[in-house]
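A.B. asks: Please see the structure below; I have some questions.
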Amino acid sequence: MASSGSIQIPRRLPLLLTHEGVLLPGSTMRTSVDTPGNMELVQNRLLRGTSLKSTIIGVVPNTSDPSSDREELPSLHRIGTAALAVQVVGSNWPKPHYTLLVTGLCRFQITEILKERPYPVAEVEQLDRLEQLSSKEEFKEALGDLSEQFYKYAVQLVDMLDNSVPAVAKLKRLLNNLPKELLPDVLTSIIRTTNEEKLQILDAVSLEERFKVTIPLLLRQIEGLKLLQKTRNPKQDDDKRIVAIRPPRKLGNISSKSFSLENTDDDDEDSDDIIILERKIKSSNMPEPALKVCVKEIKRLKKMPQSMPEYALTRNYLELMSELPWSKTTRDRLDIRAARILLDNDHYAMAKLKKRVLEYLAVRQLKNNLKGPILCFVGPPGVGKTSVGRSIAKTLGREFHRIALGGVCDQSDIRGHRRTYVGSMPGRIINGLKIVGVNNPVFLLDEVDKLGKSLQGDPAAALLEVLDPEQNHNFTDHYLNVAFDLSQVLFIATANTTATIPPALLDRMEVLEVPGYSQEEKLEIAHRHLISKQLAQHGLTPEQIQIPQEATLEIITRYTREAGVRSLDRKLGAICRAVAVKVAEGQHREHKSEHLEAPEGEERKESVPEGSKSATINDTADFALPPEMPILIDHHALKDILGPPMYETEVFGRLNQPGVAIGLAWTPLGGEIMFVEASRMDGEGQLTLTGQLGDVMKESAHLAISWLRSNAKKYQLTNASGSFDLLDNTDIHLHFPAGAVTKDGPSAGVAIVTCLASLFSGRLVCSDVAMTGEITLRGLVLPVGGIKDKVLAAHRAGLKRVILPKRNETDLEEIPLNVRQDLEFVLAGSLDEVLNAAFDGGFSLKTTPDLLNSKL
């Protein structure tokens, strides 16, 4: 007859596969559930169940990789523990999972797997707790002295511990109240054992075998406590703890973490990790304030249960602090001659940037503790601002890290999040230092002019401390909450324009202008760098393709219109792809022709195109011979691959009537030529302006018409009715083509005056002249910016003469020598000089003297 201690479990049980810990009957374990099958079990069985039976599950140890997503069911341990699900707690951080608290009931053996999806269900056979021994005499006859010996060792172990500790008092009550046949399972769950040893206890179905396996574990624990008491400081006896001696490790041990409710063990691996982490922090040579913070956090970590969310946050913080390069640096390569050669090999032109880097190296040789400069490269896209930053790091022998700031609108991206927030992390500056592993890298702050602003703060304001040499030696990230020295970091910022950079941030940086390339510079860059790069990317060799300079120049002038070389690089890539197709087809035809045999009595004929010449990219028939190597890229090949030219020289065709002039404009993409068109009609003296003009440009137009009206008699300018009042019964319409593009600035003033003078005089402006400059009401020409980009735009358009303000004469030194030799520059200080240079034969003043009236 069964006693009250017997348990009856269902014949079919859903299986919970555990990768952490082994549950024994009579013990409690807390386990994390995150695999798909276990998640389905919790959601569909435990959370939706309404009866006690639905909370009974089978807990089976699974030694396979928990991260594997294999669809087939892994080989399971054949013996498991029937358990009662006591508590289910769900969480979404750091990923969706459940924490399950289960209590072991009895052992069972899997006889058959009934189904595997959505969670495994098995038919089981109960192995113990079927019927208890009816009396102590029967129990003693069954096991003899074995149970008494086990009980004696268990009592000895408990007596060696401090009874004031609640866990020890609870263990003592269990020894007095629990049946002896349950003690091996309970004690094994409490003392320190490996998963392999717990599996041996689980597999011990008979009581005799279970006692035999458990007794050596108790003896090992007792001997360890005796040894510890001998070596322990007597003064520390008042602070007794439950001490567990680590068993000898074996290579085949299964790594696990025990979450038993009564378990007082700390995980071996976590303990080792904390010790290693503490050593790393002490050896990191961090400053004293940071070290004090880390020591304090380690003490908190040791006292903190692993189940607390703050445990992982604190550990991540300490790991970051130990990995930061507080004192690790790289030695600068200070060979100026080698640096000059390396910079010249990597980048063509850019003389100003190279000069600044060499100056830094020279000063660095004379002064070792020089702070890193804060440089800002400003120029149009595609001119190599980002790549030259990488070359500077290579030249100095430093680590390089790029931080993309385009679109960043949260100041926490720079300064980090405070650790009180969920998902907090350090800012990009500290994270970049962790990645490179040294405290003197080259940091490239890319697209600093495209920073945003939102309710989360202004990242540009957060950069003020980072980019200030007087403050960044004490940069404080919100996540670290301790100061970090950034004074050895070489910061390089890139931008397309300084107009959108806050003045306070711009003042902290040394701005270096990176102008666009001339046609000759693009040609040189293409044949030095771009063509070889594209050939390597497409698996081609110079023996297979030839791109002469004439073809490259045609791509530059007729297929691209840019200050940099990105579009040119893409066009060269398109050519290489087309050639790769021809080369691959030719190899296929050669391979195919080797296997073709002519029929008997006939000769194999090969069709050779008449007038065959050196191969180009033009399409040939499928049965034509493979193209001859190398494939030459000429004008016809460019048209076949890239299509008709996208840009044509249209300057001369648009200056065929009065009232049209060419101005020069600067954009973030480089310089551009800008047409100004004017027309007049009968009206009421109104001036109409179109072409998406800004306020400054509108004021320049009104200024130009006012100056011409005041000087109309001087230049013999009249309206349609012959009046010197140019707006008398006359309306004027000024238009700036490319109406979808916003235009503003004062530099179009001279072009507007010239356009209106051409309109009212009926004379054509010279078709090869472009001009730029601000005007005043007195007829003076004031200097403007962007001279180099504007002159390069005029040179690209095929113009021959450029009218510039006289006070911009010093800017001509920045223009390449070959461009200066191709152009004629007219430096004008007044509008009189501008008009004389813009028209063939000059723009003469009134020469007829006034009639003298006699006063006699």
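Glycine too: its Cβ is placed from the backbone N, Cα and C atoms.
Computed from a predicted structure; not experimentally measured.
Quick paste of what Swiss-Prot says about this protein:
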- Ser747: active site (ACT_SITE)
- Lys790: active site (ACT_SITE)
- Gly379, Pro380, Pro381, Gly382, Val383, Gly384, Lys385, Thr386: ATP binding site (BINDING)
- 13-222: domain 'Lon N-terminal' (DOMAIN)
- 655-841: domain 'Lon proteolytic' (DOMAIN)
A.B. asks: Within the same chain, and leaving aside Gly379, Pro380, Pro381, Gly382, Val383, Gly384, Lys385, Thr386, name every residue whose CB is within 8 angstroms of the centroid of the CB atoms belonging to the recorded ATP site, in sequence order.
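C.D. replies: Result: Phe377, Thr494, Asn496, Val514, Ala563, Gly564.
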A.B. asks: Could you measure between Val383 (ATP binding site) and Lys790 (active site) for me? Cα positions, answer in whole angstrom.
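C.D. replies: Taking the Cα atoms only, Val383 (ATP binding site) lies 16 Å from Lys790 (active site).
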A.B. asks: Measuring Cα to Cα, how many Å separate Pro381 (ATP binding site) from Lys790 (active site)?
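C.D. replies: Pro381 (ATP binding site) and Lys790 (active site) have their Cα atoms 16 Å apart.
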A.B. asks: Work through the recorded positions one by one (Thr386, Ser747) and point out the residue whose CB has the fewest other CB atoms within 10 angstroms.
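C.D. replies: Thr386, out of the recorded positions Thr386, Ser747, has the fewest neighbouring Cβ atoms within 10 Å.
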A.B. asks: Same-chain residues six or more away whose CB lies under 8 A from the CB of Pro380 (ATP binding site)?
C.D. replies: Asn496, Val514, Pro515, Gly516, Glu562, Ala563, Gly564, Thr667, Pro668, Leu669, Gly670, Asp789
A.B. asks: Looking only at C-alpha atoms, tell me how far Gly384 (ATP binding site) is from Ser747 (active site), rounded to the nearest Å.
C.D. replies: 27
A.B. asks: Taking the Cβ of Gly384 (ATP binding site) as centre, how many other Cβ atoms lie within 10 Å?
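C.D. replies: I count 24 other Cβ atoms within 10 Å of it.
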A.B. asks: Considering Cα atoms only, can you say which of Gly379, Gly382, Lys385, Thr386, Ser747 is the nearest neighbour of Lys790 (active site) among these recorded positions?
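C.D. replies: Given the candidates Gly379, Gly382, Lys385, Thr386, Ser747, the nearest one is Ser747.
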A.B. asks: Looking only at C-alpha atoms, tell me how far Thr386 (ATP binding site) is from Ser747 (active site), rounded to the nearest Å.
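C.D. replies: With distance taken Cα to Cα, Ser747 (active site) is 30 Å from Thr386 (ATP binding site).
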A.B. asks: Going by Cα-Cα distance, which of the binding-site residues (Gly379, Gly382, Lys385) sits nearest to Ser747 (active site)?
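C.D. replies: The smallest Cα gap between Ser747 (active site) and any of the binding-site residues is with Gly379.
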